[in-house]
Amino acid sequence: MMQKLLKCSRLVLALALILVLESSVQGYPTRRARYQWVRCNPDSNSANCLEEKGPMFELLPGESNKIPRLRTDLFPKTRIQDLNRIFPLSEDYSGSGFGSGSGSGSGSGSGFLTEMEQDYQLVDESDAFHDNLRSLDRNLPSDSQDLGQHGLEEDFML
């Protein structure tokens with residue numbers, strides 16, 4: 001009888017040990033993953049980038065190379081519009097005087113024009129391109145003309 005009780009106690013001890021060790025592992029192990037991306041405004045002079053993160057999702061260990069495609073409806077459009085309102089990706093700040101076109105000439109601040117403002121300056125049509133007009137014969141080199149650096153300065157101006 002004593003031997004039978006000893007065998008049963010060993011069996012109970014083994015079962016208890018298995019239950020205690022398995023209780024630390026709860027379910028199938030998973031890893032959490034998240035989509036991350038950077039949204040930038042390439043038209044500005046500075047980088048102006050925002051790092052955005054998607055929601056967390058469970059990634060099974062065998063599926064690390066099988067990341068599911070990001071659904072386009074994860075973020076409502078209102079959230080992105082709120083981000084654009086909070087963090088504008090534009091250099092046009094109302095009331096700052098910078099890039100607002102509130103004046104022209106040297107009296108409107110530092111006189112520094114951004115690249116975009118230089119592209120879109122208003123031109124007075126009455127005197128546009130009339131000062132530097134030359135005939136085609138004068139612009140082309142002739143056989144008798146020396147191509148060295150002799151001549152008038154205006155011949156070398158573009």
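Think of each number as a place in line: the chain as shown, counted from 1.
Each residue, glycine too, has its Cβ placed from N, Cα and C.
In Swiss-Prot, the entry for O-linked glycosylation site among S44, S64, S94, S135 corresponds to S94.
Among the candidates S96, S142, the residue that Swiss-Prot annotates as O-linked glycosylation site is S96.
The secondary structure of C49 (disulfide bond), as reduced to three states from DSSP, is extended strand.
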